[in-house]
Structure formats: C-alpha cells, structure tokens
Amino acid sequence: MIATLDDLDVEGTTVGVRVDVNSPIDDDDTLADDARLRAHVDTLAELLERGGRVAVLAHQGRPGGDEFVSLESHAERLSELLGQPVDYVDATFTDAAREAVRDLEDGDCVVLENTRFYSEEYMEFEPERAARTHLVEGLEPVLDVYVNDAFAAAHRSQPSLVGLPTVLPSYAGRVMESELDVLGSIEETGEPRVYVLGGAKVSDSIDVAWSVLEKGLADHVLTAGVVGNVFLIADGVDLGDASSDFIYDQGYWDEIDRAADLLDAYGDRIALPRDVAVDRDGGRHELGVNALPPGDGESAMDIGGSTLEYYRRILADAETVILNGPAGVFEDDRFETGTRRLYDAATDVPTSIVGGGDTASALRQLGVEGFSHVSTGGGAALRMLTAEPLPAVTALENAPERPAADD
Ligand SMILES: Nc1ncnc2c1ncn2[C@@H]1O[C@H](COP(=O)(O)OP(=O)(O)O)[C@@H](O)[C@H]1O
Ligand SMILES: O=C(OP(=O)(O)O)[C@H](O)COP(=O)(O)O
C-alpha cells in the first residue's frame with residue numbers, strides 16, 4: 001500500500017520531492033517547454049500551502065547530451081508558476097545543498113541541482129545499494145520525508161528514485177497517485193480495447209504488444225510510425241532503402257524478426273498500415289502498400305489516408321483506446337496529418353489514454369484535446385501497460401514505517 005499526501009502531516013516537515021521536469025532545452029541552455037513543470041504544480045503548491053519545507057530533486061537530460069543542463073531556469077519558471085520565490089542552489093547533496101535545505105522555513109521551496117551531475121545518479125542499483133550512494137547519504141540527514149511525484153522516471157532504478165524511499169518515510173505525490181490510479185486499472189476499462197503503437201521506441205512497443213496480446217488485454221493493436229514500418233517489413237513489404245537504412249541505423253533490425261513472430265502468433269489482432277506518405281519533390285505523396293517500394297531516397301514518414309479510414313473504423317467500435325507514439329514525423333508539416341487525424345479520432349472513444357513525452361508535445365503542437373488521461377510518462381507508461389513493476393513504485397511500497405498524520 002503506497003502512502004499519499006493525505007497520509008502526511010506536512011506542517012514544519014522538510015520534504016524531499018522528486019519530480020520529473022526533464023524538458024526540451026533551447027540553444028541558450030534554458031527551458032524550452034514548461035509542460036512537465038506545470039504537471040507538478042499541484043503537488044508542490046499543496047505541500048507549500050500546508051506548511052512544508054520543500055527541497056525539489058530532479059534530473060535533466062543525459063550525461064553528454066545537449067539537454068544535460070543545470071536546473072536554474074527550471075527554478076525560475078517554477079517560481080512564476082507557483083507565484084512565490086523559489087530558490088536554486090547549484091549543488092545536490094554537498095554542504096551548500098544541505099545548508100540550503102536546513103535554512104528552509106515553513107512554506108519555502110528550493111530546487112537542488114540536476115541529480116545526474118553526479119555519476120551515481122545515472123547508474124541503476126538495487127534499492128539497498130542505492131541507499132548507500134553519496135546523494136542518499138548526503139541528503140537523508142536533512143530530510144524528514146520523501147515524496148515521489150516523478151512517474152515519468154519511475155522505470156529507472158536510480159538513487160533519488162529508489163534509494164531515498166529505502167531510508168525515509170515515503171509518499172506518492174499527486175501526479176504519481178493519479179498515474180498509478182489510471183494506468184494501474186487498465187484491466188477494468190471497457191472493451192473492445194484498442195492499443196495504438198506508433199513512434200520510434202520499436203522494441204518497447206513490441207514488448208507491449210506481446211504482453212497485451214498474450215494477456216488478452218488488447219482486442220486490436222494498430223501500428224503506425226516507425227513501429228508500423230517495422231511491422232510492414234516483417235510482413236514482407238519492401239519499404240525501400242531509405243526506411244530500411246533508418247531502421248537499421250536505429251538498431252531495430254532484429255526487431256523485424258520479433259515483429260514477424262508476433263504476426264505469426266496474433267496476426268488477426270494486429271493492424272498494419274495500408275498506405276504510407278513519402279517526401280516526393282518537396283511535397284507529401286501517398287502510396288498504397290501494393291505500390292511500394294517508393295522511389296530512390298524516399299522514406300515512409302507518415303501513415304496515409306486509407307490507413308486512417310481503416311483505423312478509424314476500428315476505433316469507432318472501441319470502448320477503450322490506449323495510444324503511445326506519433327503516427328508519423330509530426331514535426332514536419334507535411335507529415336503531421338496522420339498523427340492529428342488518428343489522435344483526433346481517438347478522442348471520440350469513451351476511454352482514451354495517451355502516453356509519451358513526444359506524443360504529448362505532438363498533441364499540444366497540433367491542438368488535439370479531449371483525452372480521458374494524458375500520461376506524463378513515455379517509457380514508464382509503456383512499462384506499466386505491460387504490467388511490469390516500476391522500481392520506484394516498488395520502492396515506495398516497501399518504504400519504512402511512517403508516523404501517522406494528524407487529522
Ligand atoms: N515514420 C517515421 N519515420 C521516422 N520517425 C518517425 C516516424 N514516425 C514517427 N517518428 C518519430 O518518432 C518520434 C517520437 O517517438 P517516441 O519517442 O517513441 O514517442 P514518445 O516520446 O511519445 O514515446 C518523433 O520524433 C517522430 O518524428
Ligand atoms: O523523459 C523521460 O522519459 P520518457 O522519454 O520515456 O518520457 C524521463 O525523464 C526519463 O528520462 P531518461 O529516459 O533519460 O531516464
């Protein structure tokens with residue numbers, strides 16, 4: 001049983017709050033999109049209003065990547081969103097960080113530095129070992145309790161996610177609570193249940209497809225994006241050199257065999273694109289699968305109109321739809337149609353659940369609204385849909401005894 005903020009006596013308590021504000025970053029190393037910050041405002045505002053002393057922990061980017069930057073601009077934006085001063089300290093668990101946490105008064109908030117600036121935080125550990133890392137040993141003495149609101153990172157077994165809840169009384173924040181509530185009760189949603197798997201995380205999507213087909217959770221799996229292209233090749237369609245090279249370069253060549261095995265086992269419940277859109281003479285050109293391969297250098301960038309009609313007919317009968325990943329290269333105006341129209345059709349299904357960072361940003365960019373639930377997580381949501389435990393959630397379940405909250 002995971003405790004929530006309802007179980008926490010917040011006033012005067014120093015709370016380490018792990019959030020996931022991993023966001024797109026501009027060329028000047030500042031925040032380019034605040035959607036993930038907005039998601040955590042309710043949790044943080046509630047803790048502050050209830051008199052908590054809040055130390056925010058988060059990662060940004062991956063070591064060596066362009067988006068591996070400090071959390072200073074995140075703190076500035078958080079201050080605007082919360083409508084109160086938010087301090088930032090350029091350290092995570094050193095003396096400077098601990099002093100900033102000890103100095104907090106009731107209702108104060110400080111953002112600590114990007115946890116991944118410390119190498120241990122980019123490694124995966126068993127919780128007991130994670131509890132002996134520098135980050136956890138440094139912060140544990142200055143924190144009273146730990147709150148995990150970082151659902152989008154809950155599939156990572158990293159110190160700030162599994163080590164802190166091993167040593168501190170721990171609670172799920174409001175984002176974590178609502179994600180677990182919705183994604184943890186997929187089996188109770190109405191049927192027919194349709195999974196739409198698009199985007200570029202091919203191996204994760206094939207794992208999900210296996211799992212939901214095997215468990216009888218999915219009546220139909222509709223494929224799109226790079227996932228759809230891999231299934232087409234697995235089905236014997238010649239998508240041409242450009243798409244094949246892309247799939248090879250992304251390291252997904254072995255996935256073609258897995259997709260073929262899946263088609264052998266459950267082909268009657270897996271829908272493949274009937275046409276694709278390619279870039280021809282600088283414009284969008286649609287080709288039925290019978291007309292493939294495309295011309296030299298042409299790559300399948302989106303699903304076409306007849307696929308959309310086919311998928312819309314399946315969605316029209318669905319009671320539940322779960323979608324992950326764009327249907328095409330939505331960042332390019334010529335290839336956003338598939339994503340916009342497919343996701344738009346999904347909003348008419350009584351229960352519609354969407355996951356994925358790029359998917360959420362595609363929906364915002366394309367102005368598609370009206371889903372029952374838009375998850376903050378990509379990989380975490382996919383993992384949950386396969387009914388695999390999330391290490392950070394397991395760590396919350398196993399957290400030490402907590403004091404009872406005052407009513
Ligand atoms: N046919 C395609 N060819 C190349 N890239 C594609 C295609 N369809 C979708 N994509 C790309 O997939 C990316 C998003 O996939 P993914 O990371 O799996 O989504 P999410 O973050 O929502 O889980 C986008 O950058 C999009 O351009
Ligand atoms: O953005 C995230 O995951 P997502 O791309 O699956 O939504 C999380 O912040 C986890 O980041 P990571 O995949 O670098 O560990």
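Even glycines carry a Cβ here, placed using N, Cα and C.
Where the annotation comes from TrEMBL, it is an automatic prediction and has not been curated.
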Same-site substrate binder from ARG102, ARG116, ARG193, ARG258, given that TrEMBL records ASP20, VAL21, ASN22, ARG36, HIS59, GLN60, GLY61, ARG62, ARG156: ARG116
Further binder of ATP named by TrEMBL next to GLY356, GLY357, ASP358, THR359, taken from the candidates GLU319, GLU331, GLU388: GLU331
Additional residues around (2R)-3-phosphoglycerate, ordered along the sequence, whose Cβ is within 8 Å of the centroid of ARG36, ARG116, ARG156: ASP20, ASN22, ALA58, HIS59, GLN60, THR115, ALA150, ALA152, ALA153
Binding-site residues whose CB lies under 6 angstroms from ligand 1, from ASP20, ARG36, ARG156, GLY357: GLY357
Around the Cβ of ASP358 (ATP binding site), the count of other Cβ atoms that are within 10 Å: 20
Winner by Cβ contact number (other Cβ atoms within 10 Å) across the binding-site residues GLY61, GLY356, GLY357: GLY356
